[in-house]
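Student: The structure that follows is given in the form of structure tokens.
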Amino acid sequence: MDQALQDLRDLIYADKEEVVLWMNTVGPYHNRQETYKYFSLPFCEGSKKTISHYHETLGEALQGVELEFSGLDIKFKDEVMQTTYCEIELDKPKRDAFVYAIKNHYWYQMYIDDLPIWGIVGEADENGEDYYLWTYKKLEIGFNTNRIVDVNLTSEGKVKLVPNTRIAMSYSVKWKKSDVKFEDRFDKYLDPSFFQHRIHWFSIFNSFMMVIFLVGLVSMILMRTLRKDYARYSKEEEMDDMDRDLGDEYGWKQVHGDVFRPSSHPMIFSSLIGSGCQIFSVSLIVIIVAMIEDLYTERGSMLSTAIFVYAATSPVNGYFGGSLYAKQGGRRWIKQMFIGAFLIPAMVCGTAFFINFIAIYYHASRAIPFGTMVAVCCICFFVILPLNLVGTILGRNLSGQPNFPCRVNAVPRPIPEKKWFMEPAVIVCLGGILPFGSIFIEMYFIFTSFWAYKIYYVYGFMMLVLVILCIVTVCVTIVCTYFLLNAEDYRWQWTSFLSAASTAVYVYMYSFYYYFFKTKMYGLFQTSFYFGYMAVFSTALGIMCGAIGYMGTSAFVRKIYTNVKID
């Protein structure tokens, strides 16, 4: 809280008080994540050296924010006419560095008072023979009373890059009164025409129609068929043994002695369900926080919030994973707790570690500092693990008793042969199509805000899509499981999890389409960054969908077997 008040005080200026221009990063326009320190290009610094210290947050460190002082002397409401602040001695290596940057459309980012400003390094002539550097930064800063509410940069002063010459870099500052409120100063960076496009509204409406159709279909199938099934089973109760032996016995009632048999590999299964429940709770909380607070106004705040919420919701993982493992008769609960606690962090950190090697090789600002790695490891061992332990103990003691409505037979029943489309593998492949169909338009908007230069701010849409995704996933897995049990196949736990989780495969396939047709990314670093983190995103989404699908199906299975009379 004190830090927040301090930050607020920092944003209120007295006349002629120092205003800091931070240089952040420079990099190719088409590769948003491939960024380097601003001064990795041979720019020169201003003469002013003393500066109040800047504190970096965890989210900023992980996102490769590298703020360096520009050395430009800017004071609040103090106009500066065009002034040369330094000169670049352009030898051949420096010229080559600038030419490479201009060829690859390098542009840089700066910050004044937390407001981002972008500028292009230079440009080439039409023939691509001569290259020009923009040398004059023309800053126009809008203020409302004693606060900065608007910053604009115009690049001028085009100078041809000729080896062994001196290039003078200059800047000017113009102050103008603005009516923009301080709270609304980020609105100009948002793109309502993109995010609130008719297609976006149409896709949400379309998904809602699908939800209503699916829920109607599921309830109709289940109510009609279950009513028939119950009627058939109660008629069978009234037959004598001779009739029943002659009659056709088929359907989901026949597997009542096996349906609550523990799944294969219960340790991994319960860890995945626990992790999925945690990812769902993190998504829900972060979206709600983002709807209430404008997280996009602070650098790295979205990532910092997500890490904090993930650590704080660890008991959810322990509770659901631990209780499910206990219900399935698992004995090695400490091992299960470790797997559950470190499943997602290990996946994310493993991918980050691999990409970090490439970032270090490229000298990119995305290379995660050693101190930040230590901080993340400390969060895993000293926050996530103990909270997971608390959740596991609560889960085992509060809801770890296997109170199934039917007894489990000692000998597993043989699974009869069935048509090819009833096989679990086929059900798993088809199960993810409808959930993916309900979210793929939203995926385009989320991908564009992450991989291109849009700020995602329509979290209300995201909340609706999350709700739609949950309903569609549960409906689809219930129908899949009903067909599977009717074919007298009782291996429904993994099937319900994987048929919902297969959404992730379709999302990852869509990310390939997005990479090749919607972006102009190139180079090893950006490509590995894209596909590495897309794999992490898709896997996390798959685990979340799988857990949602399993939880819904589990409630359904318990319900139908509670209502049927078993001898």
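Glycine is treated like the rest: Cβ placed from N, Cα and C.
In case it's useful when we look at the structure, here is the feature table from TrEMBL:
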type	residues	note
TRANSMEM	199-222	transmembrane segment
TRANSMEM	268-292	transmembrane segment
TRANSMEM	304-326	transmembrane segment
TRANSMEM	338-362	transmembrane segment
TRANSMEM	368-390	transmembrane segment
TRANSMEM	425-447	transmembrane segment
TRANSMEM	459-485	transmembrane segment
TRANSMEM	497-517	transmembrane segment
TRANSMEM	529-551	transmembrane segment
Student: Between the transmembrane segment (459-485) and the stretches 304-326, 338-362, 368-390, 497-517, 529-551, work out which stretch tops the count of Cβ pairs under 8 Å.
Tutor: 529-551
Student: Need a quick answer: max count of Cβ pairs under 8 Å to the transmembrane segment (199-222), which of 268-292, 338-362, 425-447 is it?
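Tutor: Comparing 268-292, 338-362, 425-447 against the transmembrane segment (199-222), the winner is 425-447.
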Student: Among 268-292, 304-326, 338-362, 368-390, 425-447, which stretch has the most Cβ pairs under 8 Å to the transmembrane segment (529-551)?
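Tutor: Most contacts with the transmembrane segment (529-551): 268-292.
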Student: Would you mind listing the long-range same-chain contacts of the transmembrane segment (368-390), meaning Cβ under 8 Å and 6+ residues beyond its ends?
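Tutor: Long-range Cβ neighbours of the transmembrane segment (368-390): 58, 61-62, 307, 310-312, 314-315, 317-318, 337-338, 340-342, 345, 349, 352, 356, 359.
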